[in-house]
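Asks: What Swiss-Prot shows for this protein is this:
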DOMAIN    2-280  domain 'DegV'
BINDING   THR59, THR93  hexadecanoate binding site
Amino acid sequence: MIAVTTESTADILPLQLGYSGIHLLPVPLGHQGQVYSERELPPDQLVNLIRTTGEPARTLAIDDEVVARTFEAALQGSKSGRLVHVASGSRFTPHFEVAARVAGQFGVRVQVIDGGTVSYALGVQALHAAHLADQGADFGQIARALAELRERTLLTFAVESLDFLRVNGRIGNVAAFIGNWLGLRPLLAVEAGEVVSKARVRGQAAAVRTLLSATHQFQHQTGETLRLYCGHTIGGEGAAEQLQGQLQAVYRDLPAPLHPLGSGLTANVGPGVVAVLAFPRRFGLGHA
């Protein structure tokens with residue numbers, strides 16, 4: 001069976017890691033010259049640190065030696081002696097480039113796939129890869145399946161405050177002030193390996209309605225039964241529960257579980273984020 005690795009910022013739950021056997025590359029977080037692990041800087045502490053200092057936190061490149069050790073450990077537990085690494089989108093982070101460089105040390109035993117996305121959308125790809133590997137799929141079959149999954153995944157999220165986008169240099173001070181004053185929430189989506197702006201809405205209720213509408217449109221486009229997740233960063237639990245209730249009122253036979261999103265995404269978009277993740281149910285995730 002082919003082993004599977006991905007990044008710690010893929011927001012895979014401990015239970016899922018246990019049954020899937022996925023190995024994680026630990027993504028470091030940097031703030032004012034200090035380097036932290038995600039365990040050392042969980043979302044609540046991360047948010048407080050950024051708010052207190054007014055300085056951004058960023059995900060840093062993973063050290064080559066750490067990548068090599070993780071690959072070696074995963075290979076040792078693989079019956080086939082082969083490994084697939086699912087990396088976060090190469091347009092978002094340097095992790096794909098680092099993993100691909102290190103993979104060269106292992107020859108044909110390691111294949112690195114550009115996941116083209118982040119957070120739990122990346123985690124879903126890794127879980128599906130592990131599910132396929134458990135069924136005996138080879139490199140080519142896994143790569144083709146993940147390419148199709150990427151094309152048929154919806155990841156759209158509403159940002160609560162513009163302050164973190166300002167701190168990270170994505171918008172200016174004036175734009176952040178006006179946007180917060182008006183109660184505007186940007187709606188962002190990951191499409192074709194990039195983050196794109198979809199809309200700006202006023203208030204939580206409008207944000208949830210827009211996410212619900214995006215799900216309806218996606219379901220109509222795919223014409224398939226979906227897997228649904230209501231993601232949230234810290235502080236976004238209430239909005240996620242509201243979204244969950246509205247999704248379940250429409251898609252009565254489909255669960256839409258809440259899924260916490262960790263420090264990697266929080267560092268970039270802040271607390272209070274609510275997201276919808278959807279993809280066809282035929283893409284199995286093992287025991288999920």
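Keep in mind that glycine also has a Cβ here, set from the backbone N, Cα and C atoms.
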Asks: Here are some binding-site residues: THR59, THR93. Which one has the most Cβ atoms within 10 Å of its Cβ?
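Replies: Per the Cβ count within 10 Å, the most buried is THR59.
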Asks: When DSSP states are folded down to helix, strand and coil, where does THR59 (hexadecanoate binding site) land?
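Replies: It is in a strand.
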Asks: Mean pLDDT, the domain 'DegV' (2-280)?
Replies: 91
